[in-house]
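Listed features, source Swiss-Prot:
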ACT_SITE  Glu91  active site, proton acceptor
DOMAIN    97-335  domain 'Radical SAM core'
DISULFID  Cys104-Cys340  disulfide bond
BINDING   Cys111, Cys115, Cys118  [4Fe-4S] cluster binding site
BINDING   Gly163, Glu164, Ser195, Ser218, Leu219, His220, Asn296  S-adenosyl-L-methionine binding site
ACT_SITE  Cys340  active site, S-methylcysteine intermediate
Amino acid sequence: MKPSIYSLTRDELIAWAVERGQKQFRATQIWDWLYKKRVQSFEEMTNISKDFVSILNDSFCVNPLKQRVVQESADGTVKYLFELPDGMLIETVLMRQHYGHSVCVTTQVGCNIGCTFCASGLIKKQRDLNSGEITAQIMLVQKYFDDRKQGERVSHVVVMGIGEPFDNYKNVMCFLRVINDDNGLAIGARHITVSTSGLAHKIRDFANEGVQVNLAVSLHAPNNDLRSRIMRVNRSFPLEKLFSAIEYYIEKTNRRVTFEYIMLNEVNDSIKQAQELADLTKTIRKLSYVNLIPYNPVSEHDQYSRSLKERVLAFYDVLKKNGVNCVVRQEHGTDIDAACGQLRSKTMKKDREKVTATK
């Protein structure tokens, strides 16, 4: 199976071309065809010799993904189900915001983090995506814009889809360098957010990278007892270890950390828990932000339901009174399979039923 050429950074593409007897500018031309003209095949690169196009075709594919399902919400949110070369399925989401077009990408097939409220973890991790497969998600959404011919572009990226990004650290970092490259898609680092469930040692590594990319942490509970029950990762990286890494990140980068907090009715949304959360983030208040997220129910996790509006507002009020920077997140795609992993899970179930029916 040939790798996608999207898996190479610009420097890696230059080195690859030079090793094959080409001048550096040839790699620059290829890069422009890929990320500025956004061609879908090497044959469209009209200023590249046929011999070198043949070498490119022997070595790489362009976009390795195949579109299986597209769902569009009334609010303009678009959810894509893509098929990988090995037949596995991943999800990507386009969200139209007032500040631009944001794309949520997937980094793994399945997830091993084991959050008890999440659709992504219903299917265990089967493999990591390589950087080309992650970049390809952005490229296909951008193709959707290009085909519309309205001058739209992917302006923001959130690495919050299926999988734990820091469990696929090397490929995610390569992806970030590709989409941030000023000579390509040029998506600003401050318009990119990577979300982790709390792999403390990788947060420290990320701090040392020197990138301006935003960091979000999926917190979802204000104490170890509850967090260990609803997020298995907390057993390996309890809050003390996690917050030590977060403090290191803030000290090293002077950048704000966003805490994601899904509101689960009568599980993590009490006044007492709001005060616990305020106390937990007290020492990093100036460089932290809490995002209160309405829960998208998952049929397989029927022990959870969405917090009632009055409980969310009461929780929010406690945080604000304690000086916590916070917001209740705007919902997107509520009329489609909005929760991360839902569309993939449903499609896989249908595929299995079709196979069973033909036997």
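We count from 1, first residue shown onward.
Placement of Cβ uses the backbone N, Cα and C atoms for every residue, glycine included.
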C-beta crowding around Cys115 ([4Fe-4S] cluster binding site), within 10 angstroms: 20
Glu91 (active site, proton acceptor): nearby recorded positions from Cys104, Cys118, Ser195, Ser218, Asn296, Cα cut-off 10 Å: Cys104
Cα within 10 Å of Gly163 (S-adenosyl-L-methionine binding site) - qualifying recorded positions among Cys104, Cys111, Cys115, Cys118: Cys111
Cα-proximity to Asn296 (S-adenosyl-L-methionine binding site), 10 Å cut-off, over recorded positions Cys104, Cys111, Cys115, Cys118: Cys118
Nonlocal residues around Ser218 (S-adenosyl-L-methionine binding site), in sequence order (Cβ under 8 Å, 6 or more apart): Cys115, Ser195, Thr196, Ser197, Gly198, Met231, Glu260
Cys104 (disulfide bond) versus Cys111 ([4Fe-4S] cluster binding site) - Cα distance in angstrom: 16
Tertiary neighbours of His220 (S-adenosyl-L-methionine binding site) (same chain, Cβ under 8 Å, six or more apart): Cys115, Phe117, Arg227, Ile230, Met231, Glu260, Tyr261, Ile262, Leu264, Asn268
Rounded to the nearest Å - Cα separation of Glu164 (S-adenosyl-L-methionine binding site) and Cys118 ([4Fe-4S] cluster binding site): 12
